[in-house]
């Protein structure tokens, strides 16, 4: 899931106890910072950078899988991902392995109970949103599914797909190869016809998808979970345009819209992320999220899709929390992240 910021004020040091939660908020919320709108050159990434599940963007997939493992063990869990913990263990990042297994608690890395509980609930809500999206799509008769930037997503294995469903997973070659091998070692069997498509989404993935058997004449359910902030603005537009071009009428798309923060929120966020990075580094894990995400101004996702012929529905994190009867939290910063929008759309 840091750039020098000077000495942290006392209230931020106190909030730094939320290290793990803050980083997961950053990943799940896909933050765009108002101060950085219109700026470029802030990234250390390159146009053709690659990664595995223990480095760079790939490590964030392992972090989210860690959170799914924790959410699956929660009292009255909203989700059940039995593959999350063994996959995290297979990746081998010690910090995440110990957290996912329960050997290390969030509190052990300085995370107070409220932030930790919110983080677990947040990932559960996000996961359930996409689980329900696919359930609704298949209930409507869709039998072709595309999971973009699949990472350690195990929906092909854990969701009850109707007979005849075909699931295409797209991600970088090293990620696809690792997950496929790790799940085979667990003797896991997919519940649908699964096709792993090893291609970078910045390359010609539509051709690779069609070469794997994808039929653009059939309605499809696409997901782009926690993805858009890892693409430059033009890349986001190209991705959405490609999805539209591949979509037959009645196709569906689920994604998240990056959250725009004002200047004060931007400064506080950087301080919190600095605390998270320091806490991780003390545990032997070195990752600076500010080097992974593109901060440049981009088109509003909901508006862009609507302009391309999609019928768009949005829900905030707050609304999804309330729908599950989960309590709000007093921390204003955490509550702000619950304003992020979850988007589902149908092509008409």
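Just so it is clear, glycine is given a Cβ too, placed from its N, Cα and C backbone atoms.
Together with 200, 201, the S-adenosyl-L-methionine site in Swiss-Prot holds one more listed residue from 171, 215, which is 171. Around the Cβ of residue 200 (S-adenosyl-L-methionine binding site), 16 further Cβ atoms fall within 10 Å across all displayed protein chains. Of all the binding-site residues listed (171, 201), 201 has the fewest other CB atoms within 10 A of its CB.
Other residues of the chain with a Cβ within 8 Å of the Cβ centroid of 171, 200, 201, the S-adenosyl-L-methionine site, are 148, 149, 170, 172, 199, 202, 203, 205.
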